[in-house]
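Participant: Have a look at the structure that comes next, please.
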Amino acid sequence: MDRHFINIVLVGLAFMILFTAFQATGMIAPSVLEGVKNDTINGTSFQGSGYISLAIVYTLFTIANIFAPVVVSTCGSSISMFIGGITCFLYVLSFISPMVWSYYLVSILFGIGAAILWTAQGVYLSRNSNEMTISRNTGVFWAMYQSSLIPGNLYVYLSIDTEMITRSVRYPLFTVFSIVSAVGIACFGLVIWRTFSERRRANSELLKNEEKVSCVDTVETLKIALRLLKTRNMLLLLIPFGYTGFALTFFQTVYPTCIGHLIKYGGGGLFGFITKPKTSLGRSRIVFVGFIVQLVFYYLVFINFPSDAPANETNNEAYFNFKLLISQILTFVGSFLIGLGDCSFHTQLFNILASQYKNTSASAFALFQLVQGGTSAVAYVYASSLAVEYQLLILVITLLLSTLALFVVLFSNANNDFDEASPLTIG
């Protein structure tokens, strides 16, 4: 089997395991913290906010993406992923016995670590792919990553049978999640081992070249990102970059919160496995299908949830007052559709960045994470207060603009002249 494909599968496995714990933690964080506020920690009541924590995470994530390429180019992509994974582990671990100061501290650390983690992932994916394998590798990775939504949430569903997550429920729940995160970090350790093994097998000239690459000047790295922003394709890609941030906040936090607040209540890997188009037409079809799928999801949310569902528990009626069973079915279908639609967009974005910006991958992926983190942070500011229909309006408008921008980039003949002219490879 191709060693590059083994590398992709191994990194996908590491992300799947690590984010099995993190994704589930993020989705139940508001409910967990509501339970913590009923406990007493060191004689004082816990007043931390999940929305504030995630706003901190994505704000630091945005800022840190400016410097993430420097860390990746200095440490290498495999070690950088390991460092980022540790911060994710600490974030999950903090929920065992959360205190305000420690909760917000690990939020800061994870915001920085996540920027390093995802920039390094993009570089690693690019370095282990070529024009013939990039679609396959992107699809396989994203399918494995999206699969992390299933086991974590299934474990939560089977473990929690009470409305309030008490201390007796929280301790074993997050002990298991912490162990799972540690296993994910161990997988990153294996990635590091494979990287050094491959380097030892490489000839000395290659090692010299890689050593020169790893010492890229900080200022030069930032200049590359600024030069990328002067190209038409990158400016167009900023639109879908921003949309993914708004969508990420909605389906990972707002949507689960709406479900939890609906008193009457008491997967997304498919595109990853089928996304192997090698032409612009084939890729644009995936984008268009993702566009339709996400529109359907937003419509289902609009008709199924009342306006105030993101803010508090509610008995208000939605646009259509469905019976409980029908409402639950629509919620389940919506969960599958958003995973499918999100996967279609991310696989094509990763495909474009890894193929068109192969020689400047660290800077390109950092710009992606920078814009995505910025819009996610903005979304968390209004997530708990803005009525659900206005949040959906923002998503639909940016989804439409993103789809049009991706079509232009995919059918453009100017496939990033800057990248082809640059001799620099980062990571």
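Backbone N, Cα and C define each Cβ position, glycine as well.
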Participant: Out of 214-232, 233-251, let me know the one TrEMBL marks transmembrane segment.
Facilitator: 233-251
Participant: According to TrEMBL, which listed range is transmembrane segment: 7-24, 79-96?
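Facilitator: From TrEMBL, the annotated transmembrane segment range turns out to be 79-96.
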Participant: Taking the transmembrane segment (364-384) as reference, which of 50-72, 102-120, 325-343 has the most Cβ pairs under 8 angstroms?
Facilitator: 50-72
Participant: Given a Cβ distance threshold of under 8 angstroms, which distant residues of the chain, six or more beyond its ends, lie next to the transmembrane segment (102-120)?
Facilitator: 48, 52-54, 56-65, 67-69, 71-72, 77-78, 80-81, 83-88, 90-91, 93-94, 362, 365-366, 369, 373, 427
Participant: Counting Cβ pairs under 8 Å that are 6 or more apart in sequence, does the total for the transmembrane segment (79-96) and the transmembrane segment (172-193) reach three or more?
Facilitator: yes
